[in-house]
């Protein structure tokens, strides 16, 4: 038996079996007080936290583990479970819905960053894409000062996390490089809109190969990628429903419970995390370790509220316990730009589910009975490319722009590595600098046509372009010592010469791709930005700055780097300046006082024997 606990208003507890954990939402029950002391306390029951908690539970059966999650448990929520409803939870109660400060370089626009506020975290909200980077990119993690984090280690962790259903040729021909026994299910979409059949041949006409082995560490090329979908019921596969049922009775989960800070005490000249304080003032003691797994936005905020950080602490009147200036810095994200096209009438797009209730009901009935349905659709059509395949002989000019940006970045070790990806011939030939995704349906800034518009109820398709190694570097910091106040989020998209030039190039390239057969045979007209409105380089720049958005991939605010390079955690994921004596009944390889985690793949390394 495992325990799922929920706090609502005042302290309550519910004991639930593993079966009920995955079958129905928890309900509060009167008459029980929370246990207040555990061996391990995990802050955040999201993508990583549930994986960490489950693996600790399995490997250390004599230890007690608590996961504290701010959001609800929502296993029966259709908007989470049905692949075709992806995106419908954004901006709802399941989303932290962080908003950036106004971005001057984007004409004062604000960027919304969605992060999961639900048991399962962003794995319950994301668009379910499941793929890998290049092997050389993971090796780069190790090369910047993190021994043991190269591709050969990471691929073992990734394989342990996944249960990939190989669709076979011609979609996937690889026989290694993927896992088949992990908790997270991954499949290639069984529903594929007719218009996607043009994707591979269109890119082939530009010399881009069809990649049928994208999980093995070489992701360049066009492909139909996998999604985190359970092949049996065809619903979302995510951490809350896949990992937690594997845990033992020593794991407990509290939902609807927010952590205000980590409690620190000095011991032998260094600080030890003794537990956490909740928003309501209650204290939970951690006998062995506190693991902060609250995501890219909340994790640095919790550290700063705990007294770990740099100059921000003095600015908000908070006590500085550990001087660690890297906390909240180093924020990086994939910026995206998109173009959309009105489909010819003989093609049915995903938009029809939104504007035709009869069709939507028919498709939902098919999905609920396990039959092929438009609601099966998650994504699927991708192309990862290096700059030489996009700009050819003009690559040198773009690389020179990157050199100028890096030269002004105060010798940042991560920027140097990114520049190496551009300048080293072996690396630039194998590492993607751009990602293109075909989305079946409209997605953009202009908005879908409203009722009364001649284009209402028409079908659209959208091509996204993302910059894979931007040089922009933002931050996340608290602006109040009040833990209930959201931190300041500044992504700094397109705030340097290289990133802006690159995004303009990508937008132009999308139009070029779309105008080439067979893709060009699909559509009537360019809906966004409209060809007659955007032609010159200045017009493209204006379009990019007015329409750029996030791919929702923020990382870096608790960087695993040497402390001198702005790192927050060491290669064992221990927060610098903290300490935990060894000993006792609950030991693991990374025996630390305070650690952070970033995703389930990374944490498989941290807690596996």
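Going from the start of the chain as shown, residues are counted 1 onward.
Backbone N, Cα and C atoms are what each Cβ position is placed from, and that goes for glycine too.
Record features (TrEMBL):
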SIGNAL    1-23  signal peptide
DOMAIN    116-139  domain 'Glucose-methanol-choline oxidoreductase N-terminal'
BINDING   118, 259  FAD binding site
DOMAIN    295-309  domain 'Glucose-methanol-choline oxidoreductase N-terminal'
Listed in sequence order, residues with CB under 8 A of residue 259 (FAD binding site) and six or more positions away: 43, 68, 70, 276, 277, 278, 279, 294, 302
Residues that sit under 8 angstroms from residue 118 (FAD binding site) by C-beta distance, when 6+ apart in the chain: 69, 71, 72, 73, 74, 80, 89, 94, 124, 125, 240
Secondary structure tally of the domain 'Glucose-methanol-choline oxidoreductase N-terminal' (295-309) (DSSP, helix then strand then coil): 11 helix, 2 strand, 2 coil
Counts by DSSP class (helix H/G/I, strand E/B, coil) across the domain 'Glucose-methanol-choline oxidoreductase N-terminal' (116-139): 9 helix, 4 strand, 11 coil
